[in-house]
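> Marked as domain 'Formyl transferase N-terminal' by TrEMBL: 3-184. The N(1)-(5-phospho-beta-D-ribosyl)glycinamide binding site annotation in TrEMBL covers G13, S14, N15. Annotated (6R)-10-formyltetrahydrofolate binding site per TrEMBL: R67, N109, in sequence order. The active site, proton donor annotation in TrEMBL covers H111. Feature annotation from TrEMBL assigns site 'Raises pKa of active site His' to D147.
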Amino acid sequence: MNKRVAILISGSGSNMISLVEAMKNPAFGAEPVLVLANNPDAGGIAKADAMGIPTAIVDHRPFKGDRPAFEDELHRVISAHSPDVICLAGFMRVLTAGFIDRWEGKMLNIHPSLLPKYKGLHTHQRAIDAGDEAGGVSVHVVTAALDDGPILGQASVPILPNDTAEDLAARVLVQEHRLYPEVLKEFLNS
Ligand code: GRF
C-alpha cells in the first residue's frame with residue numbers, strides 16, 4: 001500500500017517537484033496526495049496542478065496573526081487528504097507546538113544549512129560571513145523548536161572564493177533536490 005504524502009510550500013516549489021518526480025517510481029512506495037501553499041501566489045501550485053496533484057491554499061493573512069485559528073484550518077484541510085507524512089518544502093510559516101504535536105513524528109522539513117548551524121533565515125549569507133568552508137542542507141523531523149528536530153540527512157557544499165549567497169544557494173539547491181527524496185524514502189521505509 002503506497003504511503004500518502006502531503007507537501008507544504010510557500011514559493012516556486014522546486015523541492016516539491018523533486019519529491020513528486022521521485023514518487024513516480026513505483027519502487028518509492030508513496031504518492032503525493034496534496035500540495036498546499038499558504039501563499040496564493042506560490043508558483044509551485046500551478047506546477048502541482050499541471051502534474052494532476054490535488055492542491056489547496058490556506059492563506060495565513062486573513063487570520064491576522066491568530067496562529068491557532070490558521071493552524072486549525074491548515075489541519076482541517078490537510079486531514080481531509082489523510083496523509084501519512086507531511087513534507088515542508090520551502091514552507092515559510094513557523095508552526096506552533098499546537099499544530100506540530102498533532103503530526104508528531106510525521107512531519108519533515110528541509111533547511112538550507114548544516115544544522116545545528118544557522119537555524120532560521122539567511123543561512124547562506126551567514127555561512128559566508130562566518131568564513132565557513134562549506135554550506136549545505138539538512139532534512140530533519142519537525143519538532144516544536146525551530147529547525148531543531150532529529151537530523152535524518154545532510155549534504156555539504158563547498159563555499160568558493162567570491163561566492164555570493166545566491167551562488168551558494170544555487171549549488172545547495174542541487175543537493176536539496178537529491179537529498180530530500182532520498183531521506184523521505186528511507187523515512188517511509190523505517
Ligand atoms: C529551499 O532552499 C529550502 O531549503 C528552503 O526554501 C527554499 C525553497 O525552495 N526552506 P523551493 O520553493 O523548493 O524551490
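Quick reminder: no glycine exception, Cβ is built from N, Cα and C everywhere.
Burial and contacts for the listed features, if you can.
If you take every residue in the domain 'Formyl transferase N-terminal' (3-184) and average the pLDDT, you get 98.
Contacts of N15 (N(1)-(5-phospho-beta-D-ribosyl)glycinamide binding site) defined by a Cβ separation under 8 A and a same-chain sequence distance of 6+ are given as I9, A89, G90, I110, E176, H177, Y180, in order along the sequence. DSSP assigns N15 (N(1)-(5-phospho-beta-D-ribosyl)glycinamide binding site) to a helix in the three-state reduction.
Using a 10 Å radius centred on the Cβ of R67 ((6R)-10-formyltetrahydrofolate binding site) and all shown protein chains, the other Cβ atoms total 16.
When secondary structure is read from DSSP and collapsed to three states, H111 (active site, proton donor) falls in the strand class.
Of all Cβ atoms in the protein chains displayed, 20 besides its own lie within 10 Å of the Cβ of D147 (site 'Raises pKa of active site His').
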> Between N109 ((6R)-10-formyltetrahydrofolate binding site) and S14 (N(1)-(5-phospho-beta-D-ribosyl)glycinamide binding site), what is the CA-CA distance rounded to a whole number of Å?
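A Cα-Cα distance of 14 Å.
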> Rank the binding-site residues S14, N109 by how many other Cβ atoms lie within 10 Å of each Cβ and give me the one with the fewest.
S14
> So of all those recorded positions, G13, S14, R67, H111, which one's Cα sits nearest to D147 (site 'Raises pKa of active site His')?
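Of the recorded positions G13, S14, R67, H111, H111 has its Cα closest to that of D147 (site 'Raises pKa of active site His').
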> Relative to the mean position of the Cβ atoms of G13, S14, N15, the recorded N(1)-(5-phospho-beta-D-ribosyl)glycinamide site, which additional same-chain residues have Cβ within 8 Å?
I9, G11, S12, M16, I17, S18, G44, A89, G90, H177
